[in-house]
Amino acid sequence: MEDLSAGPFVPAVKSEPSKPVPSDPPSLSAGDTFPIAVGAMSEPDKDFLCPICMQLIKDAFLTSCGHSFCYMCIIIHLRNKSDCPCCGHYLTNSHLFPNFLLDKLLKKMSARQISKTASPVEHFRQTLQKGCDVTIKELDTLLSLLAEKKRKMEQEEAERNMQILLDFLHCLRKQKVDELKEVQTDLQFIKEDISAVEKHRMDLYRARDRYSMKLRMLDDSGGRKSWYSSKEDRNTSGLMSSPLHLRGGLSSGSLTKKNEGKSQISSHGHGAQRKDAISGSDSQYINQSGLALVRKKRVHTQFNDLQECYLQKRRHPADKAHSQQERDMNLITREGYSAGLEDFQSVLTTFTRYSRLRVISELRHGDIFHSANIVSSIEFDRDDDLFATAGVSRCIKVFEFSTVMNEPADAHCPVVEMSTRSKLSCLSWNKFAKNQIASSDYEGIVTVWDVNTRKSLMEYEEHEKRAWSVDFSRTDPSMLVSGSDDCKVKIWCTNQENSVLNIDMKANICCVKYNPGSGNYIAVGSADHNIHYYDLRNISHPVHVFSGHRKAVSYVKFLSDDELVSASTDGTLRLWDVKENLPVRTFRGHANEKNFVGLSVNSEYIACGSETNEVFVYHKEISKPLTWHRFGSPEVDDADDEAGSYFISAVCWKSDSPTILTANSQGTIKVLVLAA
């Protein structure tokens, strides 16, 4: 990114008017003793300061013109000049005389100032040092007093220490009691949930036994029916063969043997089929058991995060009741299940369902005319039938997803290509008009395209620098938002030629996104490390500023109307609650220090790229990666340093399916799917 442009200057703080300085007190003559007797002046009188060094005069000497100086100060002065520093009168060393009176006054003043600030112990020490006469009895009395004072001070110190220790222990006991109550509450939750789960498990076992019994009954009835039908067929064939017998055909004995052989073969075949069915069910059971073990292993691997998730959901269940449509369709409403337990089982199910990313298709985005193949944006259309790619090759390519999935890798051709004047940074499909797609480019131009006619419908050129991001509103098909390095967020309407709203910020804008539930709210990621959440009805200040990232915020995406995910070049993703204005979770595992590596979300999972040329998938409730996939370098001869410079540049989920489109800086596009 380019350097940040200078923001508005901070207004200078006005200095307070200086207060009038009180005039100096009248100077006292050398004979006056009032200031010495008082000795309370914290600052020495200016008359006692040497005019040369501006310190208290040491070894005062008086000149013939009546001025006093420090001896060393005036001697050094006279080495260079032959005049008085105060009045300019001619002066030599022979015109200097000791000022004994001033020296005496200064020494008294210093002694009184020291005695005023000295402690009683210091006074007592000075008194003893001066040789004051003290009797042994007086010394014993003083020693007793000192010993008693020492014991009292030690007792007070011990009491203070005991009080500090007691306060600490009380605080610790309160904390541990609170923790014990919390643990007891958690144990009660766990006990209730174990009881509810075991009850439901027994219900499932009984239901499975009933289904198995019904299947066996159907299987047995089917076997008897086939036996009766084969018997009738034999009788019928016997009646039909009687004319052949009369005509000298097969004898009755040979016919009987043949029928017996058929019945044996039939019974043997039926037994083989049942055996195959049993062996098939056994292998299926083995596969299911292996899958269960793998899922249990995933649970133990992320046990601490899952434990935190469970306790959080049990301690703080959702305030609003979950409707039947909001619950996982694979879960049945269970008697005794709390809302927190149902939420956690949904998390546990979706978290352990997948363990890897599998490649199901691959294509190359680059062409022979452009050596730079970085795919900066990849997006599905409204119905997930088409997806568009854009990047530094100055071209928007639209592919048909079903064709990419069904045809060989070498045969993938875009159904639409639209050339642009500049490198592209971002794409956004209109969620209402299937044929409209918006783009932002490095020249700051925001363009709305008609995919059917392959022509631009609108071009907005108000941004002064590179535009990093553009997004169509999900509630109003005519509105879109863009952000740029010129520190401005602009709202556009496809029915107007100019921007309808402008937000000036203090740092470069890296990403913008409409709230999917309302066209009035947008999230703005900035180079100032923050996410600014605005209500477009009042843009004077953001509704909230989400702080926590340590570097520029490169992407913002909404998981739901109330959940926002952000990516930053500090190598983390963060989940925020935009309703309560709170941080929820930080995701770590991928590497991202300088590049735009992509970010995409669906209802449960978060996908992002990494500068290690890997795609990472997180579950929104777990802070560590669920799984990841590394892009392989197609050129075997690539040097290690070049291979290490590749990075994932764009990702996009296919709605709420486990399928994800990914692209890297080589121009390789892969279709990945979450697999068990």
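Placed from the backbone N, Cα and C atoms, the Cβ positions cover glycine too.
Taken verbatim from TrEMBL:
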- 1-28: region 'Disordered' (REGION)
- 50-87: domain 'RING-type' (DOMAIN)
- 136-200: coiled coil (COILED)
- 220-281: region 'Disordered' (REGION)
- 241-255: compositional bias 'Low complexity' (COMPBIAS)
- 460-502: repeat 'WD' (REPEAT)
- 546-586: repeat 'WD' (REPEAT)
Long-range Cβ neighbours of the repeat 'WD' (546-586) (under 8 Å; 6 or more residues past either end): 1, 508, 510-513, 515-518, 521, 523-531, 533, 592-603, 606, 608, 618, 620-621, 623
Per-state residue totals over the repeat 'WD' (460-502) - DSSP helix, strand, coil: 0 helix, 21 strand, 22 coil
Secondary structure content of the repeat 'WD' (546-586), with strand meaning DSSP E or B: 0 helix, 24 strand, 17 coil
